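Q: Sharing a structure with you now.
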Amino acid sequence: MAAFGTMSNSTASAAGAKNASTSTRATGNGNVIKRLQSELMALMTSPTPGLSAFPSNADITKWNATISGPLDTPYADLTFKLTLAYPSNYPYAPPEVLFKTPVYHPNVDFSGRICLDILKPGGQGKEGAWSAVLNTSSVLLSIQSLLGEPNNASPLNGEAATLWDSDQAQYKVKVLARHQEPAVMEENGMSIGF
């Protein structure tokens, strides 16, 4: 299986670089734009296997990402699309990250929202673990890791949490069935919004 971070996709790279340099419609301030441009360059020059992320259209604060499922998990050999929306106070607040590919997982609800501590705002009096030292790559790596190591103590999908603990074979069947939905949608001429 080819690693996404190491694939040479000149079209996506060129589009991402162009979007980063011509982000006149970006909603963030100059510091947010500079930070995101720096993160994009790091992702392009030092890609992480199994991960890719690029700005979508002309707004550098809206990104599309792809992660591959971790090996030796029910998600191995599967690819997942996500969106990231960066707030105007990024990196002091986390991006909003959603799965666009339907995923069956204890910590992901059916609308694609993810329960992961680092995606919750941190700071005094807050329980979240977000920190300004985190970046797009670390967020995507954490989500990729979460696929293989769910936190069943705080599930968004209780059925998936129970099945993960009790029947891995049936869990894998549910993962594959849920993952097939985008292909069926595209066959019927519907978009998954990516």
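Just so it is clear, glycine is given a Cβ too, placed from its N, Cα and C backbone atoms.
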Q: From the ranges 1-29, 146-174, pick the one that TrEMBL records as region 'Disordered'.
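A: When 1-29, 146-174 are checked in TrEMBL, region 'Disordered' belongs to 1-29.
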Q: Test of understanding: give the count of other CB atoms lying within 10 angstroms of the CB of CYS115 (active site, glycyl thioester intermediate).
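A: CYS115 (active site, glycyl thioester intermediate): 18 neighbouring Cβ atoms within 10 Å.
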Q: Going by DSSP, is CYS115 (active site, glycyl thioester intermediate) part of a helix, a strand, or coil?
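A: DSSP assigns CYS115 (active site, glycyl thioester intermediate) to coil.
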